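Listed in Swiss-Prot for this protein:
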type	residues	note
BINDING	His96, Asp98, His159	Fe cation binding site
BINDING	Arg169	2-oxoglutarate binding site
DOMAIN	78-178	domain 'Fe2OG dioxygenase'
Amino acid sequence: MMLQIPEVLTKAQVAECRAILDAGPWVDGNVTSGFQAAMAKNNEQLPQDSAEARHVGAIIVQALEANPLFVSAALPRTILSPMFNRYGEGMGFRDHVDNAIRRDPVTGQRLRTDLSCTLFLAEPEDYDGGELVVNDLYGDHVVKLAAGDAILYPSTSLHHVTTVTRGRRTASFFWIQSLIRDDARRSLLLDMDVAIQQLSRKVERDDEAILSLTGVYHNLLRQWAEV
C-alpha cells in the first residue's frame, strides 16, 4: 500500500517548522549512516537529539495523531521520532531499502519498521529533481508533493531520491511500527474503514448493515493486531 496524505501540516505550520529547522545545526547525513547507506547517501541531516529536531518532531507527531487518514492507513503502534534531511544541488540518495529495526534516539525504544513516511517541507517549485522514487510490483512511483503533504509506503520497498539540480529539498522522514504487521491485511482494513465511512454518510448511523460491517472490522483488527 502506498498512500498520499494531504495537508498533514498547514502552510502556517510548514512556515513555522521551516523557520526552526533552517536555523538548526545541519551536518553531513552520513554521520548517522551504516556502511551500506553511506555508499548511497549524499545529503544533510539535522542531529536527532537537537532541540530543533525535537521541537518540530513533536509538532509533526501531534499532527499525525490527529489525522484520520494517517491513523486509518497506518494503524500506528509506535511512531519513530521524526528525522529531518535536506538535499542541495548535486545531492541525492541512491537505491536502498530501509533497515528492518530502528532505535528511537529520543526514547531509546526499538521498533520494527513496517511503514516509511516522508513529509515534504519544501514546495515542488522551489527545487528541481529531488523526487522520491518508490519501486513495487507495479513499477516505479515518482513522488514530489506540496509542502505539508506526506507519502506513506511499505518499508520493504526499494526507493531512492533523485539528484537535486536546483534549489533545496527539505523533508521529514520517519518510520511506523503498525498494529498490523502484514501490509495486505493493513490495506484490507483501510479499504473496509473507508467503505464504512462512505456508507455511513448515505444511511442512518444505526443502520444494521453499518453496525455489522463495523463489527467485522473490529473483529479482524482484534484477530490480527499485535499490541
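Each residue, glycine too, has its Cβ placed from N, Cα and C.
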For this session: Count the residues of the domain 'Fe2OG dioxygenase' (78-178) that DSSP assigns to helix (H, G, I), to strand (E, B) and to coil, and report the three numbers in that order.
Result: 3 helix, 57 strand, 41 coil
Problem set entry | Cβ-based isolation winner (fewest other Cβ atoms within 10 Å) among the binding-site residues His96, His159, Arg169 | His96
For this session: Compute the mean position of the Cβ atoms of His96, Asp98, His159, which form the recorded Fe cation site, and then list in sequence order the other residues of that chain whose Cβ is within 8 Å of it.
Result: Phe93, Asp95, Val97, Ser116, Ser155, Ser157, Leu158, His160
For this session: Could you tally the C-beta atoms, other than its own, that fall within 10 angstroms of the C-beta of Asp98 (Fe cation binding site)?
Result: 17
Exercise. Which whole-number value in Å describes the distance between the Cα atoms of His159 (Fe cation binding site) and Arg169 (2-oxoglutarate binding site)?
Worked result: 17
For this session: Would you mind reading off the Cα separation of Arg169 (2-oxoglutarate binding site) from His96 (Fe cation binding site), to the nearest angstrom?
Result: 19
